[in-house]
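According to TrEMBL, the protein carries these features:
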BINDING   ASN9, TRP10, LYS11, GLY170, SER209, GLY230, GLY231  substrate binding site
ACT_SITE  HIS94  active site, electrophile
ACT_SITE  GLU164  active site, proton acceptor
Amino acid sequence: MRRPLVMANWKMHGSRASVDQLIDGLVALESASRQNVVVCPSYVHIPRVIAGCADSGIGVGAQDCSHMHAGAYTGEVAADMLVDLGCQWVLLGHSERRQYHAESDDLVAAKLAAAQEAGLQPVLCIGETREQREQGEAFTVVARQLRGALADQASLAGLVIAYEPVWAIGTGLTATPEEAQEMHRYIRGQLAEFAGLDPEQTSLLYGGSVKAANAAALFAQPDIDGALVGGASLDSGEFAQIIAAAA
């Protein structure tokens, strides 16, 4: 059975004081709800979040990792280092990494392999731009990203997919529940077709301006198992409502 999962991507936000406030809000949630939550802070706050969430059931992840294991790679953070800190999860292929750091499907695939080898649970982010959707290319783009990242992987155990239409990230725009469901159903079919995964055992998350007001309608769709939440996860009250909607 697929587990409901709500992930917080804090991106490049947070001071020590604000992180402590967010942690306090999360650990105050009911125990059953906490088991379905993963928080991905910036690298510098990972140890603080791990310490604050200890024994709470809340998972902690990173927003990226290097495809290299070690060496003279200034500014890079290896997957093994994240595991050593206590991380369990890692986001890979987020559209902001693809856009601002020119990450290709091949690089995302290499990062995915490194994460799996280190023992991190990867969350592969995929999604089309507004222009690609308007030109009727949304499904083609998503299929290419999936195949580019997954085709040659030695293992895909525990993989989670996050569909984030780029045009909905941080814009206030959101795919309708029907649009999101249509793409999630397509992704599940693609996983069965070429990746050798049991599509009914692979969790698919939706991301892109998820908030308390639209979370329940999104989670009511049969192929949406949870959410990757950006801005709304920085408001502990709003995020708690999203978590409750997924329970």
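If you go along the chain as it appears here, the first residue is 1 and each next one adds 1.
The backbone N, Cα and C atoms fix where each Cβ goes, glycine too.
Remember, predicted model here, so these are calculated numbers, not experimental data.
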**Report entry** Proximal but sequence-remote residues of the same chain as ASN9 (substrate binding site) (Cβ under 8 Å, at least 6 apart)
**Finding:** CYS40, GLN63, LEU91, HIS94, GLY207, LEU228, VAL229, GLY230, SER233
Report task. With H, G and I counted as helix, E and B as strand and the rest as coil, say where DSSP puts ASN9 (substrate binding site). Result -> strand
Requested in this report: List the same-chain residues at least 6 positions away in sequence whose Cβ sits under 8 Å from the Cβ of SER209 (substrate binding site), in sequence order, or say none.
Outcome: ALA168, ILE169, GLY170, THR171, GLY172, LEU173, THR174, GLY230, GLY231
Report summary line: Residues near GLU164 (active site, proton acceptor) by Cβ (under 8 Å) yet at least 6 apart in sequence within the same chain, in sequence order, are HIS94, SER95, CYS125, ILE126, GLY127, TYR206, GLY207, GLY208, LEU228
**Report entry** Chain-internal residues, separated by at least six, CB under 8 A from TRP10 (substrate binding site)
**Finding:** LEU22, VAL39, CYS40, PRO41, SER42, HIS45, GLN63, SER233, LEU234
Query raised in the report: How many other Cβ atoms are found within 10 Å of the Cβ atom of GLY231 (substrate binding site), counting all protein chains shown?
Result: 18
Requested in this report: Starting from the Cβ centroid of ASN9, TRP10, LYS11, GLY170, SER209, GLY230, GLY231, the recorded substrate site, name every other residue in that chain with its Cβ within 8 Å, sequence order please.
Outcome: ILE169, VAL229, ALA232, SER233, LEU234
